[in-house]
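Quick look at what TrEMBL lists:
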type	residues	note
TRANSMEM	70-85	transmembrane segment
TRANSMEM	105-125	transmembrane segment
BINDING	H123, H275, H279	Zn(2+) binding site
TRANSMEM	131-150	transmembrane segment
TRANSMEM	171-192	transmembrane segment
TRANSMEM	238-256	transmembrane segment
TRANSMEM	277-295	transmembrane segment
TRANSMEM	315-334	transmembrane segment
Amino acid sequence: MATVITEKLSRLFINVQQVPQLLVSPSPSTVSSSEVPKVFWKPYIHTGYRPVQQTWRYYFSTLFQQHNEAINVWTHLVAALILLLRFQQLSQRVDFRQDLHAQPLLIIIAASITYLTFSTLAHLLQAKSEFWHYSFFFMDYVGVAIYQYGSALGHYYYTIEPSWHEKIKGFYMPAAILLAWLSCAGSCYAKYRYHQSAHLLSRLCQELPSGLAYVLDISPVVHRIYTAPPSERADPALLYHKCQVLFFLIGAFFFSHPYPEKWFPGKCHFFGQSHQIFHMCLVLCTLAQIEAVVLDYESRRQIYSTLQGDLAQNFSALCLFTVICSVLTAAYMARKVKNKLSFKEE
């Protein structure tokens, strides 16, 4: 009897060993920068990298592991879930299907969820290989372009004052579309051409179009803040608008400057990176922005319905145009990366 039990246990052990390695082996640990291709390197971050060429399941499983992208993943993932819940709440009192004036609100919420989701996937999955590193960040830049258009539309449609609308209505939306696309194209090119370099041309390609886009997109907000009469300065929407500007400016600083990891090289592989602070500031900016636009949608209908008329559907079509241009640009750059990597392997 004991012999039979022993034989059965031995067979069971052998069968367990035959289970695919993916299901039974522990996830590979993080590695140092010297063990991953240079394209993955981050300034002053010497370890905490995930190994390349693992299974897709491994990279999805790292959502619950500690590595140098974990905070970046979770900040935008949590924010995307918060906005999904906020959209569900709004859909109970806003008729997004029948109310044409609600379409720009739907666009900015969808654009925000899109960029947060794309960023989450990029930071979670980009370590698969050099090709996927480039491709996922190109996708991330598409999300940023869509968000820039959504922000420009929300501010132009709901927040703008009639006096500023009269001055910029002839060029604002075409310029917003152009700059959103240039932001995507410039970021893709900088990533493809300069990798993680702090080269001046890299900074110009990535930051100049985005900076110009922000100056244009936020102009209705800034104009309204500075021209608001004393009786309106306590408006909750204005408070949220001020918060979104403040959070964006703080985030922009940390996006452009590698602090605090520059002060503590090699010590911020998990927490304390400038990009993580940028993510948190951008999340706060987006949440404040959505609340401000919602309040403007609810309280300024008489103003924006007069200014915008029946243009909401046109703006929706322009959003689709921006998406198509950005996606095609990212796909073209991904193909260039594939050809470049194939040539390097040869």
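Heads up, the Cβ atoms here are built off N, Cα and C, so glycines get one too.
Unlike curated entries, TrEMBL annotations are predicted automatically.
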Between the transmembrane segment (105-125) and the stretches 70-85, 131-150, 238-256, 277-295, work out which stretch tops the count of Cβ pairs under 8 Å.
131-150
Have the transmembrane segment (131-150) and the transmembrane segment (238-256) got at least three CB pairs under 8 Å, pairs 6 or more apart in sequence?
no
State which of the following binding-site residues has the fewest other Cβ atoms within 10 Å around its Cβ: H123, H275, H279.
H275
Around the Zn(2+) site recorded as H123, H275, H279, what other same-chain residues have a C-beta within 8 angstroms of the site's C-beta center?
E69, I71, N72, V73, T75, H76, S119, Q273, Q276, F278
Counting CB pairs under 8 Å, which listed stretch among 171-192, 277-295, 315-334 touches the transmembrane segment (238-256) the most?
277-295
